[in-house]
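Report on the following structure.
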Amino acid sequence: MRTVSAPSAVALVVIVAAGLAWTSLASVAPPAPAPGSEETCGTVVRALMPCLPFVQGKEKEPSKGCCSGAKRLDGETKTGLQRVHACECIQTAMKTYSDIDGKLVSEVPKHCGIVDSKLPPIDVNMDCKTLGVVPRQPQLPVSLRHGPVTGPSDPAHKARLERPQIRVPPPAPEKA
């Protein structure tokens with residue numbers, strides 16, 4: 001059995017955790033946690049240490065321990081602040097340890113059966129702070145909110161802007 005140095009194990013865990021943080025990027029994030037409640041790099045490292053041989057390319061599949069830690073972190077990394085923190089941990093590890101393959105880190109969720117994982121390639125130059133931004137819902141065009149758009153010379157134009165139109169469809173005919 002080969003032993004892994006603590007610094008290498010820490011790097012792996014950090015990288016995998018940041019990758020898992022991407023899995024919840026598409027969903028709307030809840031409010032940021034209270035200060036001090038987000039995952040620490042140490043917590044992430046301990047959970048994902050078994051993934052190190054896989055992301056270094058020394059094993060063809062992640063171990064059961066790796067998948068267990070990855071699934072747990074995927075479930076716990078929900079807020080934008082947690083995603084930003086995990087990303088920054090991964091970037092630090094990737095800058096420190098050159099033997100970690102970012103492509104393999106991105107494959108951990110797929111190999112471990114983590115559904116809806118949409119991990120982009122992990123890059124040491126990405127702006128992690130963008131992971132904390134919640135996407136906005138698109139606004140309806142004014143024409144759909146206030147009825148047809150008319151020009152300023154139309155007398156109904158001002159009335160439409162002041163009073164939104166609500167159209168109710170007629171009731172369906174009753175069957176005899």
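All positions are counted from 1 along the displayed chain.
In case you wondered, yes, glycine gets a Cβ from its N, Cα and C as well.
Summarising the annotation, Swiss-Prot assigns signal peptide to 1-37 and lists sequence analysis as the type of evidence.
Cβ neighbours within 10 Å of Cys41 (disulfide bond), excluding its own Cβ and spanning all shown chains: 19. Per Swiss-Prot, the feature disulfide bond maps to Cys41-Cys89 (among others); the stated evidence is similarity to another entry.
The disulfide bond annotation in Swiss-Prot covers Cys51-Cys66 (among others) and rests on similarity to another entry.
For the recorded site, Cys67 (disulfide bond), the DSSP three-state label reads helix. Swiss-Prot lists Cys67-Cys112 (among others) with the feature disulfide bond.
Among the features that Swiss-Prot reports, disulfide bond is placed at Cys87-Cys128 (among others). Cys87 (disulfide bond) has a Cβ environment of 26 other Cβ atoms inside 10 Å.
Look at Swiss-Prot and you will find 139-176 tagged as region 'Disordered'.
Look at Swiss-Prot and you will find 155-165 tagged as compositional bias 'Basic and acidic residues'.
Feature annotation from Swiss-Prot assigns compositional bias 'Pro residues' to 167-176.
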If you measure from the C-alpha of Cys128 (disulfide bond), which of the disulfide-bonded residues Cys41, Cys51, Cys66, Cys67, Cys112 fall inside 10 Å? none
Any idea which of the disulfide-bonded residues Cys51, Cys67 has the thinnest Cβ neighbourhood at 10 Å? Cys67
Return only the integer: C-alpha distance in Å from Cys66 (disulfide bond) to Cys89 (disulfide bond). 18
Cα proximity to Cys41 (disulfide bond), best match among disulfide-bonded residues Cys51, Cys67, Cys87, Cys112: Cys87
